Amino acid sequence: GVLGSGDFARSLAIRLVCSGFKVVVGSRNPKRKAGLFPSAAEVTFQAEAVKKTDVIFVAVFREHYSTLCDLADVLAGKILVDVSNNTEINHHKESNAEYLASLFPACTVVKGFNVVSAWTLQSGARDGNKQVLICSNNQEAKRTVAEIAQVMGFTPVDMGCMSSACEIENIPLRLLPAWKIPIFLALGLFLCFFTYNLVRQVIHPYIREQKNKFYKIPVEVVNTTLPCVAYVMLSLVYLPGVLAACSQLYYGTKYRRFPDWLDQWLQHRKQIGLLSFFCAALHAVYSLCLPMRRSHRYQLIETAVKQ
């Protein structure tokens with residue numbers, strides 16, 4: 001069963017139907033929402049959907065959990081799979097799954113499928129190795145949901161009891177924070193090198209020799225700055241590994257925790273490396289633009305000579 005009629009509920013129903021499951025979708029407006037779901041899925045009212053199913057995916061927002069309280073008697077003894085996420089890390093004191101379990105104590109709540117996007121659900125076998133993180137206080141319920149995930153082509157990962165739900169819900173929100181420090185680092189390095197090259201190639205000749213070289217700013221100055229940033233950031237990818245090895249040799253053990261600054265540095269190496277590659281790629285594009293600008297300048301000179 002699937003409670004909800006949003007994008008994720010629709011993608012979930014499509015993937016379940018394609019995997020051979022009989023799907024019943026519960027909606028408050030089944031007639032209006034029936035056209036959004038595959039014809040093999042039965043779209044009916046929420047109460048009817050709950051009666052016909054034993055495993056129910058709750059694909060509604062946390063704020064709408066209270067609207068399901070009228071179904072508490074019918075939901076008793078069912079397995080509820082909470083697939084929700086928050087908009088902020090640790091937005092609530094308790095996880096969404098724990099909150100759902102407190103509203104329906106007669107049900108068995110399993111946290112899962114929240115790290116899978118709607119696009120991944122619809123893409124079929126192309127994302128068949130995608131992991132599905134699952135946690136619950138009931139081992140049998142976890143096993144049931146894990147079997148469903150396997151049939152759908154995913155790899156279930158047991159994350160333990162319900163106390164892990166908060167950590168699982170925070171995972172989709174950690175993408176942008178992981179890029180925040182590397183992006184600011186790249187921008188800071190770019191501004192430093194750009195300022196240095198601007199003073200060296202444009203401002204200094206203008207002050208000392210009265211040469212106007214401001215035309216170099218958009219292409220040549222930027223093209224000189226990009227490889228500098230790329231090289232420095234590439235070195236920042238490998239430097240923390242060397243420092244970590246030196247730390248292990250100094251203390252004579254690999255089980256000692258690294259300092260927080262080094263630990264954070266090690267965790268951001270992939271993002272720093274990707275930004276380094278991005279700067280190098282931009283440098284290649286700008287380098288291709290240089291001959292085009294110079295050839296245009298030679299054409300202007302040739303035209304002037306002919307005149």
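Using the three backbone atoms N, Cα and C, a Cβ is placed for every residue, glycine included.
Across the domain 'Pyrroline-5-carboxylate reductase catalytic N-terminal' (1-86), DSSP helix (H, G, I), strand (E, B) and coil residues number 40 helix, 18 strand, 28 coil. Annotation comment: TrEMBL describes 1-86 as domain 'Pyrroline-5-carboxylate reductase catalytic N-terminal'.
If you look up TrEMBL, you'll see 179-199 (among others) marked as transmembrane segment.
Nonlocal intrachain contacts for the transmembrane segment (220-251), taken as residues 6+ away from its ends with a CB within less than 8 angstroms of a stretch CB, comprise 185-186, 189-190, 193-194, 197-198, 201-202, 258, 262, 265-266, 269, 272-273, 275-277, 279-280, 282-283, 286-287, 289-290. Per TrEMBL, the feature transmembrane segment maps to 220-251 (among others).
The feature transmembrane segment is assigned by TrEMBL to 271-290 (among others).
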